[in-house]
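Mind looking over this structure? Questions follow.
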Amino acid sequence: MKSVKFENGDEMPILGLGTWKSKPGEVYDAVLHALKCGYRHIDCAPIYQNEKEVGKALQKAFKDGIVTREEIFVTSKLWNNAHKKDQVIPALEKTLKDLKLDYLDLYLIHWPVAQKEVNVSQPADFLSPKEVPLLETWEGMEEAFHEGLTLHIGVSNFNIKNLTEILDNCEVMPEMNQVELHPLLPQNDLIEFCHENGVQVTAYSPLGSTDRTAAMKKDDEPNLMENETIQSIAKKHNISPAQVLIAWAMERDTVVIPKSVNEGRIKENFESLKVELDQVDLEKIAKIKGPYRFVDGTFWTMEGSPYKLEDLWD
Ligand SMILES: NC(=O)C1=CN([C@@H]2O[C@H](COP(=O)(O)OP(=O)(O)OC[C@H]3O[C@@H](n4cnc5c(N)ncnc54)[C@H](OP(=O)(O)O)[C@@H]3O)[C@@H](O)[C@H]2O)C=CC1
Ligand SMILES: O=C1CO[C@H](CO)[C@@H](O)[C@@H]1O
């Protein structure tokens, strides 16, 4: 499979399976089916509350000889409630226990936002950047890397300023920034900055994250897969709109992690690897009017929060 390369020559498969919103009862089959289809990369996080089921599916795949541990690439993420330096390794160990793995391929700081160690998915109980600086969390990530618990470390939802803070002061470089990317939010400057600094980029919500709960959506949210330009390019190549969006992400040398729990769509998305968009397609996509951010981060910036929206995004 096409891949992106890290500084040490390790490769990361350019296409992976997303698992946010994949229910525990569905994600087991989704992961197994994806691995049988040829996927070799799974994107996870403890906040998705399904890592135990992902772990069971991985065990089954190893047992049945579908893949070996070395053949797959598994990413997970440090949640906001474990940003203190001494909380990072225990959080990673819990994820490894749930995924039933000895090591991760990639571990990311999920958000540049710290919360107290309470039962979170609530946007509350924040710790300010003064109380827990990003660099403190990064030092915990470096420790996890040195202990061999993860082969690579990186960040997610980081803007250029946050990344610079780490890049200028770190001992081990962040090798990945996972951010929202699609034609309505191409983030060209951020990608250029990352690539110039040896940081690979992963595109999340590449299909427009249509299955988010109503509470997470604005009333006038656009539907990316129904976009006229995307639909016309799909028609021209006799492929689906989702395949256009996934191929577009890979064309830009960004890793892409579409989520699906549907067998047919998991296969369809995998087949995007064969799609070749031409220059005319790319120019048309570049003209799609944005920006629109689906996962907009407003939940971290409500009244009383030390985090402000203008500090979160470039
Ligand atoms: N780091 C971060 O902060 C974030 C990371 N992520 C990661 O990125 C992944 C992908 O993003 P996500 O927000 O889930 O959304 P996506 O943009 O991947 O969209 C998922 C939706 O698209 C549907 N879908 C999938 N394939 C097709 C297809 N071929 N045709 C039509 N519909 C399709 C899915 O339905 P169905 O399952 O029924 O097929 C689901 O409703 C996440 O799952 C997660 O792993 C996402 C958000 C934030
Ligand atoms: O990856 C993600 C999906 O789930 C979280 C919410 O529960 C988001 O905050 C995050 O960006």
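Note that Cβ sites are derived from N, Cα and C of the backbone, with glycine treated the same way.
TrEMBL entries are annotated by machine, without manual review.
OK, TrEMBL features for this one:
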DOMAIN    15-288  domain 'NADP-dependent oxidoreductase'
ACT_SITE  Y48  active site, proton donor
SITE      K77  site 'Lowers pKa of active site Tyr'
BINDING   H110  substrate binding site
Counting other Cβ atoms within 10 Å of each Cβ, which of the recorded positions K77, H110 scores lowest?
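Among the recorded positions K77, H110, the sparsest Cβ neighbourhood within 10 Å belongs to H110.
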When you measure from the Cβ of Y48 (active site, proton donor), which residues in the chain that are at least 6 apart have a Cβ under 8 Å away?
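Same-chain residues close to Y48 (active site, proton donor) (Cβ under 8 Å, separated by 6 or more) are T19, W20, K21, S22.
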Taking DSSP as the reference, which of helix, strand or coil describes H110 (substrate binding site)?
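Once the DSSP labels are grouped into three classes, H110 (substrate binding site) ends up as coil.
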What's the CA-CA gap between K77 (site 'Lowers pKa of active site Tyr') and H110 (substrate binding site) in angstrom, rounded?
5
